[in-house]
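As recorded in Swiss-Prot, the features of this protein are as follows:
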- Arg21, Glu78, Lys118, Lys452: (6S)-5-formyl-5,6,7,8-tetrahydrofolate binding site (BINDING)
- 224-229, 243-249, 268-271: GTP binding site (BINDING)
- Asn224, Thr243, Ile245, Thr248: K(+) binding site (BINDING)
- Ser228, Thr249: Mg(2+) binding site (BINDING)
- 214-375: domain 'TrmE-type G' (DOMAIN)
Amino acid sequence: MKETIVAQATPIGRGGVGILRVSGPLAQQVAQEILGKTLTPRLAHYLPFKDNDGEILDQGIALFFKAPNSFTGEDVLELQGHGGQVILDLLLKRILTINGIRIARTGEFSEQAFLNDKLDLAQAEAIADLIDATSEQAARSALKSLQGEFSNKINQLVDQVIYLRTYVEAAIDFPDEEIDFLADGKIERHLNDIIHQLAAVRQEAKQGSILREGMKAVIAGRPNAGKSSLLNALAGREAAIVTNIAGTTRDVLHEHIHLDGMPLHIIDTAGLREASDEVEKIGIQRAWNEIVAADHVLLMLDSTEQSAYAFKTEWAEFLAKLPPKMPITIIRNKVDLSGEVEGLTQLDGFTLIRLSAQTKIGVDVLREHLKTSMGYQSSTEGGFLARRRHLQALETAAKHLTQGHIQLTQFFAGELLAEELRLVQNTLSEITGQFTSDDLLGNIFSSFCIGK
């Protein structure tokens with residue numbers, strides 16, 4: 001017999017309302033034992049919740065959803081009572097005294113919904129993304145994914161790939177036909193259409209991934225260059241202590257903001273120099289740990305101390321230690337003191353921005369540059385939200401399509417084209433969960449809240 005699961009659906013702790021969710025074949029039995037009544041599906045009942053001996057534990061609203069018309073596709077019971085944690089724990093213990101009921105694993109309700117075809121894998125992930133959204137744009141985009149906008153685009157691509165694959169395999173199976181199906185141009189035209197449509201979905205998915213993941217920007221530089229002042233200017237508040245004493249910042253400071261909806265994780269680090277102080281050495285090592293893991297490095301220079309053209313020589317060792325292809329922007333700070341004109345220029349292959357973190361002159365230029373460098377495009381409408389695994393799958397599918405195009409146009413190798421199309425179909429289907437591994441499912445649902 002299939003197991004019945006139960007969990008608290010509201011956050012742990014004190015609140016106005018607390019909800020317990022039960023899903024599985026014993027949901028009706030739970031209702032009968034706790035409420036003493038058979039519930040009418042989809043109708044709110046205001047009833048007392050009783051203990052084993054009939055003592056009232058709480059009173060609230062009970063809702064019953066009959067399979068398959070529920071979130072999980074199973075019988076579901078929701079008990080909505082007062083949000084005191086002691087009350088909820090007592091009610092949970094009471095439910096667990098019924099044989100055949102256990103505590104749900106993290107994400108198990110959503111997993112059951114996926115397994116019962118109530119939603120696909122991309123939609124299930126969107127539930128977690130909607131809960132974790134840190135901006136209005138991210139929330140709206142996650143909701144679009146939950147409603148199936150991303151999945152629909154993927155399913156349309158898969159359908160076209162299946163159609164083309166069928167056509168190619170038919171051409172292979174009937175080689176004696178008078179028409180050369182591989183050379184008549186129809187397959188290539190259809191293949192090109194799929195390639196172009198996939199490129200459009202990849203671009204939209206990239207925007208969705210930026211909206212979800214954001215950018216990790218690390219501010220690096222010598223002591224007293226103005227790193228903490230820049231952190232405060234970008235954050236719009238006094239997040240870091242600022243003094244004229246070099247080495248004030250000895251640890252890593254994190255600040256999370258949004259640039260037109262794009263999450264930006266700004267990290268202020270200890271000044272980079274030869275240090276004899278053991279505490280400062282630890283701070284510098286932590287700074288390097290953040291620098292090598294960054295999406296973007298902001299190298300902060302004091303414009304009153306050195307020429308703009310001297311940075312490659314002065315910072316040659318620093319630049320050599322950066323990971324290959326690490327995006328780096330040179331910040332010439334304190335232009336209010338040096339007299340330099342604020343703005344963005346290109347210098348020796350680097351983007352250089354002149355600004356004053358203290359007066360905030362030129363800080364808006366930096367904000368726009370950070371958005372542009374990530375390829376983020378602000379939009380009031382927004383698209384769907386995407387994860388890194390989605391981007392990887394789309395990239396892999398694009399490579400197989402490109403390889404398939406080569407097999408068709410250069411070698412007229414129908415069998416190899418058909419194989420590439422099969423791989424495209426499987427790769428795209430991993431996004432929605434039509435073709436996926438149990439390990440992937442476990443990794444995805446284990447990141448959910450326990451009551452979801």
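Quick reminder: no glycine exception, Cβ is built from N, Cα and C everywhere.
The model shown is predicted, which means the values in this text are computed figures rather than measured ones.
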Please give the (6S)-5-formyl-5,6,7,8-tetrahydrofolate site's span as the largest CA-CA distance among Arg21, Glu78, Lys118, Lys452, to the nearest whole angstrom.
18
Cβ within 8 angstroms of the Cβ centroid of Arg21, Glu78, Lys118, Lys452: which residues besides those meet this for the (6S)-5-formyl-5,6,7,8-tetrahydrofolate site?
Ala9, Ser23, Ser70, Phe71, Thr72, Val76, Phe109, Ser110, Ala113, Gly451
Just to verify a number: CA distance, Glu78 ((6S)-5-formyl-5,6,7,8-tetrahydrofolate binding site) to Ser228 (Mg(2+) binding site), in angstrom, no decimals.
49
Taking each of the binding-site residues Arg21, Lys118, Lys227, Lys452 in turn and counting other Cβ atoms within 10 Å of its Cβ, which one has the fewest?
Lys118
What is the interatomic distance between the Cα atoms of Ser228 (Mg(2+) binding site) and Ala270 (GTP binding site), given in whole Å?
9
To the nearest whole angstrom, what is the C-alpha distance linking Lys118 ((6S)-5-formyl-5,6,7,8-tetrahydrofolate binding site) and Lys227 (GTP binding site)?
50
Among the binding-site residues listed here (Asn224, Ser228), identify the one with the smallest other-Cβ count within 10 Å.
Asn224
Between Arg21 ((6S)-5-formyl-5,6,7,8-tetrahydrofolate binding site) and Asn224 (GTP binding site), how far is it from one CA atom to the other, in Å?
55
Could you find out if DSSP has Ala270 (GTP binding site) as helix, strand or coil?
coil
